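**Student:** The ATP binding site annotation in TrEMBL covers S288, G289, G290, V291, D292, S293, T294. As annotated by TrEMBL, domain 'GMPS ATP-PPase' applies to 261-456.
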Amino acid sequence: MTGTGVGTDGSSTAAEFDGGRVLVLDFGSQYSHLIVRRLREIGVYSELRRCDTKLDDIKAFAPSAVILSGGPSSVYEDGSPHVCDSFFAWAAEAGVAVLGICYGMQEMCHALGGRVECGAKREFGSTWVQLHRESNGDAPAEGNAVALFAGIKAGVVGGVAPEEPNGAQTAEEDTEREAKRAKRGGLNEMLVWMSHGDKVTKIPEGFKTFASTSACPYAAIGDPARHFYGLQFHPEVTHTPEGAQLLRNFVIGIAGLKATWTMKNFLQAEMRKIREVVGDAHVIGALSGGVDSTVAAALIHKAVGDRFHGVLIDTGLLRKDEAKTTLAKLKECFPTLSIECVDASEAFLSKLKGVRDPEKKRKIIGGLFVDEFVRVVEEKKLQTENAFLLQGTLYPDVIESCSFKGPSHTIKTHHNVGGLPEKMKMKVLEPLRELFKDEVRALGIELGLPHERVYRHPFPGPGLAVRIVGEVTADRVKVLQEADAIFIQEIRKANLYDKIAQAFVVLLPDAPSVGVMGDCRTYQWTCVLRAVETTDFMTADWFRLPHDVLATCSTRIINEVKGINRVTMDVSSKPPATIEWE
């Protein structure tokens, strides 16, 4: 099987947008994907590629601007990553604007004749940088970089005045502060996020200094003639309040791109692309009730109509009434949508009998899912010549395979239908592979899907099997379904569901505890409430649920779910813990 952006020709839907594109070259920073996300939020299409991408491939992408990410290496050390030869010469000649961030700025200076050294003082965390402005405060003093800093207020950033952490200053303090500013030549502060040990000690010829700190003389630099700019800090993180404005200024004000990347435009372009690639062939897709598969199915159905065939396999490991609810909601939104719903719960539970290891659970479920999917397709004669298999691949999956640091260490096996046998001879259709999760949700709304379906919390492919720590049985699944349903009901009642990134219950059947109900001693199971807040699921913090909500959840679960006599709360962050327990 083969898979590309939307079909098998390797082209990208984004190529149809006339607003220009940004290429982000990844040097291994943990923030690289955030650069792409921030640019998408601005309305500019961008992609992440390895920092050593060949020049011919960069030219083929035809970027209007290139951003060099941060990274953990030192540019002067052997084996450190670098851009391809002649990159900067090509960019200058082609008029392609370049922005280097942290390591990317150091790489730019190193390649163009500047000097980078290990800093005597490292800078990590929030830092005030001084913007070098004219005496009237209107523009940076050197290099006419007003375009890069346009819209950024002098002296006050994010509503917080520098040097006033504890409230307004007295008149005397204010006068003293202004006097200090005058002595510094009218410098003004901006709050940024620093994360570097090395620093630039000499800038290349043609570059000017736009910002500095006491430990970093070149916090922001630029060569406006060549449209080359560098920031030692990270504008892509939320800890740099004016970071989004800086990125907007670079891609729109300096590089001249247009904010044409919207889900409405994407939908129109993707529909055309799907129809071109699929032609008169049929498309088959596995549905789970999750956001990705639901949006992908809605998109394909809208594009090809009754030539899309959905297969919903009830593994017996779904949330309470999940299969029935998913089928009803999809039919409500798309009355003509073809869906085969198959109850395979007995087969899955039988295969899982006696299995306790989480990795074995995942592999068993993944393999059996493929078998059941193939069986349904063959029995229902859904597969036709040149049929396509729909997959809900998202852009973070693509980033994981193409980043400089390569695929991260496998913590858990991911459940997917990618194990379908070659004998099916189906080409893979991945209409969402250019989108982040938040963009998929926005696309779902654009397609007319209800808010509650599009903004559902993530659910693992292996289902409740990895939320039961130990052996999976029908009784344990039933208990967990009931407890989980109560938890979700209560956080919805408290209007907290949309504020929480993910919430669920974990069952610990191998850790029973003693309790008392009435006059009787009990020895029953313990369950754990898990709720987290996160923007990207790469890191997460536990959500502070109100005590009254916790009390209601505990009371209801213990009284209404037979088999549980103790409710606890998981207050671990990620890292060191993962969000799911298995």
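Just so it is clear, glycine is given a Cβ too, placed from its N, Cα and C backbone atoms.
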**Student:** Compile a sequence-ordered list of residues in the same chain as G289 (ATP binding site), six or more apart from it, whose Cβ lies below 8 A from its Cβ; state 'none' when nothing qualifies.
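**Tutor:** Spatial neighbours, sequence-distant, of G289 (ATP binding site): L312, L318, R319, E322, A323, T325, T326, R456, F459.
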**Student:** Quick check: with S288, G289, G290, V291, D292, S293, T294 left out, which same-chain residues have Cβ atoms within 8 Å of the centroid of the ATP site Cβ atoms?
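**Tutor:** Along the chain, the qualifying residues are L287, V295, A296, G392, R456, F459.
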**Student:** Check each residue in the chain of S293 (ATP binding site) that is at least six apart in sequence and keep those whose C-beta is under 8 Å from its C-beta; list them in sequence order.
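**Tutor:** Those within reach of S293 (ATP binding site), by Cβ under 8 Å and sequence separation of 6 or more, are G285, A286, L287, G392.
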